[in-house]
Amino acid sequence: MSDISKASLPKAIFLMGPTASGKTALAIELRKILPVELISVDSALIYKGMDIGTAKPNAEELLAAPHRLLNIRDPSQAYSAADFRRDALAEMADITAAGRIPLLVGGTMLYFKALLEGLSPLPSADPEVRARIEQQAAEQGWESLHRQLQEIDPVAAARIHPNDPQRLSRALEVFFISGKTLTELTQTSGDALPYQVHQFAIAPASRELLHQRIEQRFHQMLASGFEAEVRALFARGDLHTDLPSIRCVGYRQMWSYLEGEISYDEMVYRGVCATRQLAKRQITWLRGWEGVHWLDSEKPEQARDEVLQVVGAIAG
């Protein structure tokens, strides 16, 4: 697409970053100044009743700056990147029609990628095929299935850990249904995003600082009632660790504690470690992201001013 045709597209802003980097605070600050409406880009914030452990914006923050695509699913329900793209495009169109600019804020990089580049035409899940794969795993083990994937799709096998049954079974399922590998199909992208996007990533300058923030925030969550929040989910009886909601960082570790599998101290340790690993993955993804403007979260006023400088021309 030429620069001229790009310039004629409606505007949008991406504010990306690792967990605990200050994205929400900056987005709320920007909403006071720019004609923007916020859309959450977070695979954990979509769930109702999961507020403390996801660091969901509180009632006061949401009053000052409403976020779309929060609390749109029960924890028992699944939500895919395709679901997000459909919902986000609808919200963006609504915001643009009102003469305002969509500001998409969050840390689920897969959602940002799906929105920006479109989705490859992967086949829908097939319960029968999935059941056969799981039966084979029960009989032979996931290591055996991982070796099978190495023969079928070595690129996907290199990316997927043998202890990640969800992604492993999906890669095999795609091949068994379509006859094409996951790698082959994902190289065929869908429709690009019909917006002129200004992309920002916010993070602390030092990894140690981010690690400190993550640990502090995890302890703040515990002090704010995180255990009680997960106990309420646990008591429902219909939720389990195979669900994406309960696999969210922090929730999975607390769940293991409530099931008596690990001690409280071990839960805290694992929760902090898992959150740090998530942040590392998010930063790794962002480092390979093209056209992103980096912001230092330790200098919030400077970060705000840099965004205003870049997008100020579109605010009129």
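Glycine residues also receive a Cβ, built from the backbone N, Cα and C atoms like all the rest.
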- Message: According to Swiss-Prot, region 'Interaction with substrate tRNA' applies to one of these ranges: 91-96, 115-120, 205-210, 247-252. Which one is it?
- Response: 247-252
- Give the range, chosen from 71-75, 146-150, 166-170, 236-240, that Swiss-Prot lists as region 'Interaction with substrate tRNA'. 166-170
- Task: Can you dig out which of the ranges 80-87, 128-135, 224-231, 280-287 Swiss-Prot describes as region 'Interaction with substrate tRNA'?
- Result: 280-287
- For the recorded positions T19, S21, T24, T108, which one has its C-beta crowded by the most other C-beta atoms within 10 angstroms? S21
- Rounded to an integer, what is the Cα-Cα distance in Å between T19 (ATP binding site) and T108 (site 'Interaction with substrate tRNA')? 9
- Item | Rounded Cα separation (Å) that holds between K23 (ATP binding site) and R130 (site 'Interaction with substrate tRNA') | 38
- Note on the structure: As a whole number of Å, the Cα atom of T24 (ATP binding site) is distant from the Cα atom of T108 (site 'Interaction with substrate tRNA') by 14
- Task: Output, ordered by sequence, the same-chain residues six or more apart from P18 (ATP binding site) with a CB under 8 Å from its CB, or 'none'.
- Result: G107, A203, L210, L278, A279, K280, Q282, I283, L286
- How many whole Å apart are the CA atoms of G22 (ATP binding site) and T108 (site 'Interaction with substrate tRNA')? 15
